[in-house]
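Annotation source Swiss-Prot lists signal peptide at 1-27, citing sequence analysis. Residues or ranges marked as N-linked glycosylation site in Swiss-Prot: N29, N316, N346, N359. For C93-C104, C143-C151, C153-C170, C218-C232, C220-C227, C299-C330, C315-C325, C329-C369, C345-C360, C347-C357, C352-C353, the entry in Swiss-Prot reads disulfide bond. What Swiss-Prot records for S224 is O-palmitoleoyl serine, and it gives similarity to another entry as the kind of evidence.
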Amino acid sequence: MGLWALLPGWVSATLLLALAALPAALAANSSGRWWGIVNVASSTNLLTDSKSLQLVLEPSLQLLSRKQRRLIRQNPGILHSVSGGLQSAVRECKWQFRNRRWNCPTAPGPHLFGKIVNRGCRETAFIFAITSAGVTHSVARSCSEGSIESCTCDYRRRGPGGPDWHWGGCSDNIDFGRLFGREFVDSGEKGRDLRFLMNLHNNEAGRTTVFSEMRQECKCHGMSGSCTVRTCWMRLPTLRAVGDVLRDRFDGASRVLYGNRGSNRASRAELLRLEPEDPAHKPPSPHDLVYFEKSPNFCTYSGRLGTAGTAGRACNSSSPALDGCELLCCGRGHRTRTQRVTERCNCTFHWCCHVSCRNCTHTRVLHECL
């Protein structure tokens, strides 16, 4: 008789549940490990001797997978671009959610966004999309700036483009940015569960948004600015424009399930497809963000969920929107206090060359959640 048969029924059932949950937990813990390199771009431990020689002493690089480290080695100069893109994505995330209960908090160390990424909620969807977009955006821009040895401007668009303009200049290399972003970011995902599919979908949604927001820029040529001929190229959007689009997609995100529920004849490709939880809704497009788990309310502190709550947050007493005290403070009320602030004012430029200012003191009214 085996040891398993000697265990009480409730113990064996508990162990079975724990073992079943283990692969998903491991996959969740491995997701986003590359975010730990966020400070590499400003690290003194990274020494770059030339574009063709990098000496890396940064401990956080151990958080990368073997494939990710290989991609870094094969593309000298790209590590700073990846880290810089991640930093920009973090700033954009904080900006987009600055007036909401969840305000994209971050922490030092390998777990940049905290425990919220262990949940399959909307907030996790946005985090994956904006960080993926940040890498694609930064790498594409670095290519056109000549900061990465393995890529340049996108010179494929050449020749006449229309009756009064032609392609020229230095287009941002969005194709290289998307390809590298897909290879680098997606390789950090492990497993074949719903979380895996959700993360991959949202990663791609971030990259797709950067691509779809590309714009054509032109420069005029001709006598006295007559603009008889124009030279045009493709330019990346600002990351703020990408963040605005992704925040709108966050508000309209699709709740999903595995595809082909109840079918025993589904192929592997069909099983690895996301379908809306509500059959009346259309399937998510490549631009949409997807999630499968309801978000916490973020009102109170929870160590288990990694939520800080909204106590002490500044709110707008006259706003009915998400930044208003009623919604942001979750109905708990708010306190009002005054603060005397001294700022520079009435500044004047003197030739040549200095600026003189006065110090002005005024009273600021602050409202904070209880």
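Glycine is treated like the rest: Cβ placed from N, Cα and C.
Since we're looking at a predicted model, the values are computed, not measured.
For the recorded positions C153, C220, C227, N316, a Cα-Cα cutoff of 10 angstroms around C143 (disulfide bond) retains C153. Nearest Cα neighbour of C104 (disulfide bond) among the listed disulfide-bonded residues (C227, C315, C352): C315. Sequence-distant contacts of C151 (disulfide bond), defined as residues of its own chain at least six apart whose C-beta falls under 8 angstroms from its C-beta, comprise N75, V139, C143, N173, F176. DSSP assigns C357 (disulfide bond) to a strand in the three-state reduction. All protein chains considered, the CB of C93 (disulfide bond) has 25 other CB atoms within 10 Å. Using a 10 Å Cα-Cα cut-off around C357 (disulfide bond), the recorded positions C325, C329, C345, N346 reduce to C345, N346. Across the fold, the C-alpha of C153 (disulfide bond) and the C-alpha of C325 (disulfide bond) stand 48 Å from each other. When the disulfide-bonded residues C143, C325, C347 are compared by the number of other C-beta atoms lying within 10 angstroms of their own C-beta, C347 comes out lowest.
C218 (disulfide bond) sits 45 Å from N359 (N-linked glycosylation site), taking the C-alpha atoms as the reference points. Ranking the disulfide-bonded residues C170, C220, C345, C353, C360 by C-beta neighbours within 10 Å puts C170 at the top. C360 (disulfide bond) sits 9 Å from N346 (N-linked glycosylation site), taking the CA atoms of both as reference points. Residue environment of C218 (disulfide bond) contains 18 other Cβ atoms, counted within 10 Å of its Cβ in all protein chains. The glycosylation sites N316, N346, N359 differ in how many other CB atoms lie within 10 Å of their CB, and the one with the most is N316.
The recorded positions C93, N316, C345, C352, N359 include none with a CA atom within 10 A of the CA of C330 (disulfide bond).
Comparing C369 (disulfide bond) with C315 (disulfide bond), their Cα atoms are 7 Å apart once rounded.
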